[in-house]
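Straight from TrEMBL, the features:
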type	residues	note
REPEAT	10-108	repeat 'Solcar'
TRANSMEM	80-102	transmembrane segment
REPEAT	119-204	repeat 'Solcar'
TRANSMEM	122-145	transmembrane segment
REPEAT	212-302	repeat 'Solcar'
C-alpha cells in the first residue's frame with residue numbers, strides 16, 4: 001500500500017514570490033486597461049462652459065474604446081503603455097508584501113486560534129485587511145508615482161525618479177509620496193474581500209482540493225475580484241483623485257482627503273460619477289485576478305515540486321553516506337587482519 005507523502009509547505013517567501021510573479025504577468029498583459037481606467041477616473045465631466053476654458057484642449061474620453069482610439073492615434077501604441085515600468089514595480093512590491101503578510105497572519109491565527117479551527121469568512125476578511133494594511137504602508141509611494149505617470153501629458157511625461165522628485169517638490173514635500181494613504185488603508189477591504197471570497201468559494205466549490213486547475217483558479221479569482229470592485233469603486237476613484245494632479249477647477253489646490261474628492265465629484269458630476277471607469281476597472285480586475293491566481297497556483301506547485309526534489313536528493317545523499325559508512329565499518333576488520 002502506497003504511503004501518501006505529507007504536503008510540503010512553501011512558507012511566506014514562496015507564497016509571496018508566487019503572488020508577485022502572478023501579479024506581474026497579469027498586469028503586463030492587461031496594462032492598457034489599467035492606464036485607461038486611471039485616465040477615466042481622474043477626468044472631470046465637461047460642462048458647456050468648459051469649452052472656452054484654457055484647459056478644454058485636454059483630451060476627454062467618452063468610453064473605454066474612445067480612450068483606446070484617441071490615445072493610440074495621438075501617441076501610438078506606446079502611449080497605451082505609458083508608466084508601465086513603475087506600475088509593474090508597484091504591483092510586484094504590493095503583491096509580494098500582501099501575500100507575505102497574509103501567509104504569516106493566517107498561519108499564526110490557525111496555529112494559535114481556537115483549537116486551530118479553520119478561519120470563518122469574517123476572520124478571513126480581517127486577516128486580509130491586516131495583511132493589506134501592512135503591505136500599503138511600505139508600497140504606496142510607488143502607487144503615487146505610477147498614478148502621476150499615467151495621468152501626465154505626453155510632452156510632460158517623466159521617468160520614475162523625476163516623477164518622484166516632482167511629487168516631493170510639491171506642496172506636501174516627502175509626505176506627498178504617501179498621499180492617499182488613508183484611502184489606501186480603507187481600501188484594504190478590497191483585497192480582503194477578494195482573497196477572503198476566494199478562500200471561501202474554494203472551500204464551497206472545491207472542498208478538500210489542495211491544488212486547483214488553471215481554469216478553476218481563474219474563475220474563482222475573477223468572481224472574487226468583481227465582487228470586491230463593485231463594493232469599493234467609489235473609494236478607488238477617490239484614491240486616484242488624491243494621487244493625481246488636481247483638476248483645473250481646483251486651480252492647483254490638491255485634495256486633502258478622499259472625502260473631499262468624493263464631495264467634489266458629486267458636486268461637479270453627480271453621485272453616479274463615483275463609479276466612473278468601472279467598466280475597465282472590472283474588466284481589468286477580472287483578467288488580472290484570474291490570471292494572477294491561475295499563475296500563483298502554478299508557481300506554488302512548482303515550488304512544492306522543487307522542494308520535494310530537494311528532499312529526495314537529500315534523502316538519497318543520506319542513504320549513500322550511510323552505505324559508505326557501513327562499507328567502511330566492514331572494511332576495518334579486514335584491514336586489521
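A Cβ is built for glycine as well, from the same backbone N, Cα and C atoms used for every other residue.
Remember, TrEMBL labels are computer predictions, not curated facts.
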* Asked: What same-chain residues lie close to the transmembrane segment (122-145): Cβ under 8 Å, and 6 or more beyond its ends?
  -> 86, 89-90, 93-94, 97-102, 104-106, 109, 113, 160, 163-164, 167, 176-181, 184-185, 187-196, 199-200, 243
* Structure fact -> Secondary structure split (DSSP) over the repeat 'Solcar' (10-108) reads 78 helix, 0 strand, 21 coil
* Structure fact -> DSSP composition of the repeat 'Solcar' (119-204), residue counts helix/strand/coil, works out to 71 helix, 0 strand, 15 coil
* Which value does the mean pLDDT take for the repeat 'Solcar' (212-302) in this predicted structure? -> 81
* To do: Please work out the helix, strand and coil residue numbers for the repeat 'Solcar' (212-302) from the DSSP assignment.
  => 75 helix, 0 strand, 16 coil
